[in-house]
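Engineer: Below you'll find the structure I mean.
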Amino acid sequence: MFHRLLIATVVGILAAFAVAGFRHAMLLLEWLFLNNDSGSLVNAATNLSPWRRLLTPALGGLAAGLLLMGWQKFTQQRPHAPTDYMEALQTDGQFDYAASLVKSLASLLVVTSGSAIGREGAMILLAALAASCFAQRFTPRQEWKLWIACGAAAGMAAAYRAPLAGSLFIAEVLFGTMMLASLGPVIISAVVALLVSNLINHSDALLYNVQLSVTVQARDYALIISTGVLAGLCGPLLLTLMNACHRGFVSLKLAPPWQLALGGLIVGLLSLFTPAVWGNGYSTVQSFLTAPPLLMIIAGIFLCKLCAVLASSGSGAPGGVFTPTLFIGLAIGMLYGRSLGLWFPDGEEITLLLGLTGMATLLAATTHAPIMSTLMICEMTGEYQLLPGLLIACVIASVISRTLHRDSIYRQHTAQHS
């Protein structure tokens, strides 16, 4: 057992460096091509001329598509999904290393060019890839799946600064169980990855800075639970829209470069209305949490960002939809909170409270992982006082969503690429 914990520590270190490598590559490309050193794609888009804001996501999608198509022709095989660690856990625990690296590079291109897709998917993939490479050299074959799981959890912990949520992501979403024998090394890897990532970044700050001064009372629990019901209804709708957009892009029968370029062009067009559609939504989430906008502003940005996410994911842009889902949930919660705030004197606090609730519950509704979703929001924001209410709301959202839409976002993604 102790040798497993030692290996888990090594896996956590490797995962932290894999995530840091991808993050620094992003910053380098943003500096080279967008003249942006802030780390925020929204800031980069704001400072670009309209024609560059329009064309940059399309050119990034075109470059990524050419890379994927070139690799497909070179290897004479159909590309796999970018989330290969899920396939590896469901099969024999082996990776196609070269294909995974190519997809990570393609993800780097679309992410840094502004597509509304998550960068964390590629980070987690690289972390799992590093863990797999180490495991195949130093561990027996029957343990390979365990170390891939540890790498994925560690990558998630380093990307989101949420080690417990990263561990439970593996337990709830990938393993479908919470066996202690498997969970121990996973938690060790996740915690080590977070600590090493903090050392690399010279910071142990929370992912999101939130100033929530409300003390949760009976009324607030009722509002939180009602938000869970709303998210439980919105989750299946979001999954249905994503599936419909994917089918729509496929029906066009475009070559991969042109399909990804079309998705990027749609993002570019939407960015002419608001630069907030660029990127995975992290900086927009932070700005909303710092100062919740008015109802109509939230609604406008929400609609544009939703269309951008659907265009990016539907076109097949390699990357994750985890962080974009957090923004969509935040916007839904804040829209609900702003509407209710008209009837309460503390409308600002209600808006912020229900925004955080929306993040957790929509994540639970799309992943069907309520415990992970609850812990993730608490770890990212430090608002652990919300834990009891969020847990109830996330369970409700997950149950409603699972009733209306059997597949989670991950199973749907795997089915689309199978």
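Every residue, even glycine, has its Cβ placed from backbone N, Cα and C.
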Engineer: Under the topology that Swiss-Prot records, do Tyr221 and Ser401 share one side of the membrane?
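Structural biologist: Same domain label for Tyr221 and Ser401.
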Engineer: At least three Cβ pairs under 8 Å linking the transmembrane segment (380-400) and the transmembrane segment (54-74), pairs spaced 6 or more in sequence?
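Structural biologist: With fewer than 3 qualifying Cβ pairs, these stretches do not touch.
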Engineer: Take a look at 2-22, 222-242, 291-311, 316-336 and tell me which one has the most Cβ pairs under 8 Å to the transmembrane segment (146-166).
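Structural biologist: It is 2-22, which has the most Cβ pairs under 8 Å.
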Engineer: With pairs closer than 6 in sequence left out, are the transmembrane segment (222-242) and the transmembrane segment (316-336) joined by 3 or more CB pairs under 8 Å?
Structural biologist: yes
Engineer: So what's the average pLDDT for the topological domain 'Cytoplasmic' (75-145)?
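Structural biologist: Across the residues of the topological domain 'Cytoplasmic' (75-145) the model's pLDDT averages 82 on the 0 to 100 scale.
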Engineer: What are the helix, strand and coil residue counts for the topological domain 'Periplasmic' (312-315) according to DSSP?
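Structural biologist: Helix, strand, coil within the topological domain 'Periplasmic' (312-315): 3 helix, 0 strand, 1 coil.
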Engineer: Answer with yes or no whether the transmembrane segment (54-74) touches the transmembrane segment (258-278) by the criterion of at least three Cβ pairs under 8 A, sequence separation 6 or more.
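Structural biologist: Contact between the transmembrane segment (258-278) and the transmembrane segment (54-74): present.
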Engineer: Treating G and I as helix alongside H, and B as strand alongside E, what does DSSP give for the topological domain 'Periplasmic' (23-53) in helix, strand and coil?
Structural biologist: 23 helix, 0 strand, 8 coil
